[in-house]
Amino acid sequence: MTAETIQTDRIPPHLRPAMQALAEAGARLAAIIRRGGDLAQPVGTNADGDGQKALDVIADDLFCQTLAGAGVRWLASEEQEQAVALDPEGTLAVAIDPLDGSSNIDTNVSIGTIFSIYPAEATAEASFLRPARQQIGAGYIIYGPRCAMMVTFGDGVQHYALDPEDDAFRLVATRRQMPDCALEFAINASNYRHWPQPIRAYIDDCLAGSDGPREQNFNMRWIASLVAETHRILVRGGVFLYPSDARKGYEHGRLRMLYECAPIAFLIEQAGGGATDGRTAILEQGAPTLHQRTPFVFGSAEKVARIAAYHELPETEVSALFGHRGLFRA
């Protein structure tokens, strides 16, 4: 590891070794992705029972090895059932989704790495199973046409870009703020019939466009890569919804609180947005287990608050409103 893996002047000193390790592993993973090969080959299943691709395993091994010498006591990975002890003298605990969006490898859509940093406690459980607001750092690396990192240490969102000349992340912006005017929402509309009524009602209002109660025309986006969705919303605004639904295995949502939702929520709030499970702020919650799932809504603060308001309506009112909308029934 070298000091040149990331520009460190705006990184808190006690977090610099871990950030240098994350940047180094991210740059190395970006190079592996650029070289190509059969990276989407199925190789097994992870701790959650999701299919693993070859690149999932490569990414997990790479980040684990690189963080081992960076002052990290505990490492929790989405790809592993239990947290791993790295350095008994380490002061940090890192939770990581080494490769988000691996289903997009074959189609060459942007994929990423999501990470979260906590102060290390005596046990892995105490380090990770705590309120998400106790994070001291969080971010993601996006591997797309340009490789970039967004990270927060609780004082705004910093934007770094990977310089291909020396594989170092250079600071692009010190305080990224999310626009609040984008008329865009991201949701997998194929699951409409399974959603709870407040989510259907919100989407129906958006789809009604200028003739509906919102009196504005909205565009829908869906990439099926959380990092790519987050990056677009940080840059352009809008809102992302991945609600719980009626399907088996989706009753509590699908995204993981520790590895995905907590770090993204920290970033989004630091950029001026909001992040909830549909009702309650993600940062006010904690994961009861390492792989706990949760519904997830994030984006421009006004839009996230509006969705929460739909959930607060009495069920009879939502049902009455829903009965008059039902645009997908036509």
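Any Cβ shown, glycine's included, is placed from N, Cα and C.
Residues or ranges marked as Mg(2+) 1 binding site by Swiss-Prot: Glu78, Asp97, Leu99. Just so you know, the Cβ of Glu78 (Mg(2+) 1 binding site) picks up 23 other Cβ atoms within 10 Å once every protein chain is counted. In the three-state DSSP classification, Glu78 (Mg(2+) 1 binding site) falls within coil.
DSSP gives Asp97 (Mg(2+) 1 binding site) a strand state. Among the features that Swiss-Prot reports, Mg(2+) 2 binding site is placed at Asp97, Asp100, Glu260, with the record citing sequence analysis.
The substrate binding site annotation in Swiss-Prot covers Asp100, Gly101, Ser102, Ser103, Asn188, and the record cites sequence analysis as its basis. In this view, Asp100 (Mg(2+) 2 binding site) is surrounded by 30 other Cβ atoms within 10 Å of its Cβ, with every protein chain counted.
Distance between Cα atoms for Ser103 (substrate binding site) and Glu78 (Mg(2+) 1 binding site): 15 Å, as a whole number. In this structure, the CA atom of Ser102 (substrate binding site) is 14 Å away from the CA atom of Glu260 (Mg(2+) 2 binding site). Residues near Glu260 (Mg(2+) 2 binding site) in space but far in sequence (CB under 8 A, at least 6 apart, same chain), listed by position: Glu78, Asp97, Asp100, Ile114, Leu226, Phe296. Cβ neighbour count for Ser102 (substrate binding site): 22 (other Cβ atoms within 10 Å of its Cβ, all protein chains included). Same-chain residues at least 6 positions away in sequence with a Cβ under 8 Å from that of Gly101 (substrate binding site) are, in sequence order, Val109, Ser110, Ile111, Gly112, Ile223, Ala224, Ser225, Leu226, Val227, Ala228. Compute the center of the Cβ atoms of Asp97, Asp100, Glu260, which mark the site for Mg(2+) 2; besides them, the chain residues with Cβ within 8 Å of that center are Glu78, Gly101, Gly112, Thr113, Ile114, Tyr140, Leu226, Val227, Leu255, Arg256, Tyr259. The Mg(2+) 1 site, placed at the center of the C-beta atoms of Glu78, Asp97, Leu99, has further neighbours from the same chain whose C-beta lies within 8 angstroms: Asp56, Ala59, Asp60, Ser77, Glu79, Ile96, Pro98, Asp100, Ser102, Thr113, Ile114, Tyr259, Glu260.
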